[in-house]
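What follows is one structure encoded as structure tokens, with my remarks underneath.
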């Protein structure tokens with residue numbers, strides 16, 4: 001026992017504590033992106049399905065942590081598998097993942113590397129959960145999460161980050177996950193939405209975010225986490241990490257400004273959702289590129305990602321795939337932009353600033369002309385594999401009795417929060433309960449209250465109470481209101 005403890009101390013002495021501390025903090029920052037995505041998706045959806053997306057993102061995070069511990073890390077990074085496609089089970093259950101130098105960088109121990117990479121997988125699946133928007137059931141989505149991480153994400157990670165991966169050996173430049181994270185989630189989300197099918201036409205009419213404040217909050221939580229996402233991918237507190245952080249900030253800023261300007265030319269309004277969308281597009285494009293470029297190049301990355309991702313939001317209409325939260329336009333197209341621009345602007349001198357990767361050829365700025373077709377082939381391979389395998393996995397799960405991916409038409413009309421969760425992200429005020437002391441709001445006291453004709457828990461009547469409220473608007477139709485996200489006192493939604 002004393003011998004093993006001494007050996008562990010000796011192994012730990014091989015690593016700089018500053019590097020390890022930096023990656024621990026960076027990993028924690030990446031984990032903060034998960035609630036950021038939850039808030040973002042909640043704000044972008046309708047009120048009646050907002051909480052179901054928060055639940056799906058949160059639960060997918062837990063499923064991925066289990067999968068990564070169980071066999072995910074081994075399938076992506078085991079060093080004894082040499083097929084170039086996927087790892088083996090030599091690191092099953094994190095066996096022997098301890099204080100040896102990691103397969104990704106000699107600067108940190110493998111146990112820390114496995115944690116940091118796990119957070120990347122968690123964020124990828126959190127992004128992909130946006131494909132459920134307003135019609136997907138959450139239990140089958142969790143089964144899908146485990147299967148997709150195993151069959152799609154682990155091979156993609158092995159290709160580019162394992163020392164035996166075919167893309168790694170071929171010289172593909174992908175710094176922090178343009179393939180596994182961005183194309184994986186964006187193209188995977190498109191395929192998942194395709195299998196789910198389009199929402200009913202009435203649900204597509206007048207669709208707009210229900211809480212733009214949450215969209216802004218989620219975006220800036222993501223931006224904060226992305227600093228650790230990209231900066232930490234240098235695997236140490238070194239100059240390359242600083243360049244990665246600077247490039248991340250520049251690309252995000254220019255992406256947000258360009259998208260907002262493009263929306264202004266049509267709407268003549270300065271859209272907050274548009275600014276947030278462009279910011280995320282810039283962050284996505286910085287993911288594969290930030291550790292390879294000089295800062296001036298990231299200005300181009302931000303401008304092109306903000307513009308191209310904005311225009312790419314029209315692709316779903318051409319394909320007639322209901323990608324409700326624009327996962328493909330934001331993540332897949334943004335990741336592709338960053339990967340292709342690496343072929344032009346990647347710099348050997350920036351790559352070498354981590355003190356480990358000296359001599360890796362850059363792009364056209366270093367006269368490495370062949371890098372363009374290498375990057376292009378990698379993009380095609382990751383897109384094709386992700387779409388086909390995601391569709392196969394999703395359809396296979398959908399065919400299992402009890403695991404149908406989509407809710408019923410009645411469930412979609414009522415909202416996923418009502419039928420799947422039983423709780424609501426932002427419930428409506430129940431007038432009978434919360435306005436009982438009407439004098440507080442300037443109304444007559446309860447004995448004189450205009451609400452006195454309504455029964456306890458009568459949600460239908462309570463909704464029509466606004467006809468008697470001062471300055472209220474009268475309904476022009478006698479038809480019942482559409483279902484809304486509400487949980488009356490009797491526990492049943494009414495319409």
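Every residue gets a Cβ built from N, Cα and C, even glycine.
Just so you know, TrEMBL annotations never went through curation; they're auto-generated.
Note that this is a predicted model, so its numbers are computed, not measured.
Residues annotated as compositional bias 'Basic and acidic residues' in TrEMBL: 447-466 (among others).
Marked as compositional bias 'Basic and acidic residues' by TrEMBL: 484-495 (among others).
Under the heading domain 'Ammonium transporter AmtB-like', TrEMBL lists 22-425.
According to TrEMBL, the region 'Disordered' annotation covers 447-495.
For the transmembrane segment (20-41), the residues of the chain that approach it from at least six positions outside its boundaries are 50, 53-54, 57-58, 61, 108-109, 112-113, 115-116, 119-120, 122-123, 126-127, 129-130, 133, 214-215, 217-222, 224-229, 231-232, 235-237, 241, 276, 325, judged by C-beta separation under 8 angstroms. The transmembrane segment annotation in TrEMBL covers 20-41 (among others).
The transmembrane segment annotation in TrEMBL covers 53-71 (among others). Non-local neighbours of the transmembrane segment (53-71) in the same chain are 34-35, 37-39, 41-42, 45, 89, 92-94, 114, 117-118, 121-122, 125-126, 128-130, 132-133, 136, 138, 141-142, 145-146, 149-150, 416, 420-421, 425; each lies 6+ residues outside the stretch with a CB under 8 Å from one of its CB atoms.
For the transmembrane segment (111-132), the residues of the chain that approach it from at least six positions outside its boundaries are 20, 23-24, 26-27, 30-31, 33-34, 37-38, 41, 52-53, 56-57, 60-61, 63-65, 67-69, 72-73, 76-77, 94, 97-99, 102-105, 138, 141, 145, 148-149, 153, 157, 161, 176-177, 180-181, 184-186, 188-190, 192-193, 196, 225, 229, 232, 235, 323-325, 327, 331, 416, judged by C-beta separation under 8 angstroms. Under the heading transmembrane segment, TrEMBL lists 111-132 (among others).
Per TrEMBL, transmembrane segment is recorded for 139-163 (among others).
Residues or ranges marked as transmembrane segment in TrEMBL: 175-197 (among others).
Residues or ranges marked as transmembrane segment by TrEMBL: 209-229 (among others).
Residues of the same chain lying 6 or more positions beyond the ends of the transmembrane segment (241-262) and with a Cβ under 8 Å from any Cβ of it are 22, 175-176, 223, 226-227, 230-234, 270-271, 274-283, 285-286, 289-291, 293-295, 297-299, 301-303, 305-307, 309-310, 350, 353-354. Positions annotated as transmembrane segment by TrEMBL: 241-262 (among others).
For the transmembrane segment (274-293), same-chain residues at least 6 beyond its ends with a Cβ under 8 Å from one of its own Cβ atoms are 40, 173-179, 181-182, 215-216, 218-219, 222-223, 226, 229-230, 233-234, 240, 243-245, 247-248, 251-260, 262-264, 301-302, 304-306, 309-310, 326, 330-331, 333-335, 337-339, 341-342, 345-347, 350-351, 362-363. The annotation transmembrane segment is assigned in TrEMBL to 274-293 (among others).
Annotation comment: TrEMBL describes 299-319 (among others) as transmembrane segment.
For the transmembrane segment (331-352), the list of distant contacts is 127, 173-175, 178-179, 181-183, 185-187, 189-190, 240, 243, 280-289, 291-294, 297, 300-301, 304-305, 308-309, 312, 358-366, 368, 371-372, 374-376, 378-379, 383: same-chain residues at least six beyond its ends, Cβ to Cβ under 8 Å. Residues or ranges marked as transmembrane segment in TrEMBL: 331-352 (among others).
Taken from TrEMBL, the feature transmembrane segment covers 372-394 (among others).
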Outside the transmembrane segment (175-197), six or more residues from its ends: residues with CB under 8 Å to it: 120, 123-125, 127-128, 130-132, 135-136, 144, 148, 152-153, 156-157, 159-161, 167, 229-230, 233, 244, 284, 287-292, 316, 319, 321-325, 327-336, 338-339, 342, 378-379, 382-383, 386-388, 390-391, 394-395, 398, 405-406
Same-chain residues near the transmembrane segment (139-163), Cβ under 8 Å, at least 6 residues beyond its ends: 56, 59-60, 63-64, 66-68, 71-72, 75-79, 81, 84-87, 103-104, 117, 120-121, 124-125, 128-129, 132, 172, 174, 177, 179-180, 183-184, 188, 192, 378, 381-382, 385-386, 389-390, 393-394, 397-398, 403-405
Predicted model, mean pLDDT over the domain 'Ammonium transporter AmtB-like' (22-425): 95
